[in-house]
Amino acid sequence: MKSVNIFTDGSCLGNPGPGGIGVVLRYNQHQKKVSQGYFQTTNNRMELRAVIEGLSMLKEACNVTLYSDSQYMKNGITKWIFKWKKSNWKTANGKAVKNKDLWLLLDEKIQIHYIEWKWVKGHSGHYENEICDELAKLGANNPTLEDVGYQPA
């Protein structure tokens, strides 16, 4: 099984507002970068979409080390999602889970991979996180996509 590193970040100019994702995928000496922009979205949706896009780039089951500065994404996929599924997608206080569409998609994407989730402190000089941040901001400043599933509060 191939071992890959995926670095992700999301950005939003206003929250809600235009948003973007940045992804760096590394396999051996190969590297691929992705920047995408969305017209109207939130920061959390961009963090989730960045991870989904990174995993979507993989053509086969892989050992993945995934780096993100989003505690929301990391806690959601490694802890909270199990309770959400059991409670029919309700939070502990009985409210509907936000971004359910993306959580379902992310949950689907992780099933064939072995993933080690790594949190990195944002804006702390972590090289790949800074690249992803730049790619995400580039996308947010040049949106071309609709964030299908986004629902204004």
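For all residues, glycine too, the Cβ spot is worked out from N, Cα and C.
Annotated features, as they stand in Swiss-Prot:
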BINDING   D9, D133  Mg(2+) 2 binding site
BINDING   D9, E47, D69  Mg(2+) 1 binding site
DOMAIN    1-141  domain 'RNase H type-1'
Pick from E47, D69, D133: which of these binding-site residues has the biggest number of other Cβ atoms within 10 Å of its Cβ?
E47
For E47 (Mg(2+) 1 binding site): DSSP state (helix, strand, coil):
helix
PLDDT averaged over every residue in the domain 'RNase H type-1' (1-141):
97
Could you tell me which three-state DSSP class D133 (Mg(2+) 2 binding site) falls into?
helix
Environment of D9, E47, D69, the listed Mg(2+) 1 site - residues of the same chain whose CB lies within 8 A of the CB centroid:
T8, G10, S11, M46, A50, S68, S70, M73, G122, N129, C132, D133, A136
